[in-house]
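Colleague: Input: one structure, supplied below.
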Amino acid sequence: MDVTIQHPWFKHALGPFYPSRLFDQFFGQGLFEYDLLPFLSSTISPYYRQTLLRTVLDSCISELMTHRWFVPHQPHAGNPENNPIKVRSDRDKFVIFLDVKHFSPEDLTVKVLEDFVEIHGKHNERQDDHGYISREFHRRYRLPSSVDQSALSCSLSADGMLTFSGPKVQSGLDAGHSERAIPVSQEEKPSSAPLF
């Protein structure tokens, strides 16, 4: 029995004019646009070429992501580890805004250890909409050397925004580095902190 052996390059070289056999029999991969529109296909094997639809989608997505109004998806704010944090260091003040809406002032401890402020929150298991949950987080921030550590303050607003702040001293003055706990005071009004 004579079997004609044809080099696969010969078939692909005539690709646009040569009809494909049952969509090239790539059953597990679905249809490619060159199966439906063979004049758009090239002579490269379908395993190595990128589909036209994929090329168009990639260019559209990259174009959308370059716009200033595009904001990537933020994780759910149920976990304090994922909450947005805002740290500001102006000429005369250092401020940290932290969303801790699931914690009461009794659940929070704020300490200053040398050049760092440590914020720790922990509450025992309690019931919420989905069952029982316990939460805990630990944050540590380096304080600028010019912050007056004797005048640090910390407050928790009614909407759960923790604000840690301290004034900066002029250069040449001692900032008073020591270890001490900062009490968390409860406010009755919502925070005026900027939205994230």
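Note that Cβ sites are derived from N, Cα and C of the backbone, with glycine treated the same way.
Here the structure is a predicted model, which means the values were calculated and not measured.
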Colleague: Give the range, chosen from 116-142, 170-196, that Swiss-Prot lists as region 'Disordered'.
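Modeller: That would be 170-196, per the region 'Disordered' entry in Swiss-Prot.
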Colleague: Give me the CA-CA distance between Ser145 (phosphoserine) and Gln170 (deamidated glutamine), in Å, as a whole number.
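Modeller: Roughly 11 Å, rounded to the nearest whole number.
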Colleague: How far is it from Gln170 (deamidated glutamine) to Ser185 (O-linked glycosylation site), counting Cα to Cα, in Å?
Modeller: 27
Colleague: Same-chain residues six or more away whose CB lies under 8 A from the CB of Lys122 (N6-acetyllysine)?
Modeller: Asp107, Ser134, Arg135, Glu136, Phe137
Colleague: For Asn124 (deamidated asparagine), what is the secondary structure state per DSSP, taken as helix, strand or coil?
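Modeller: In three-state terms, Asn124 (deamidated asparagine) counts as strand.
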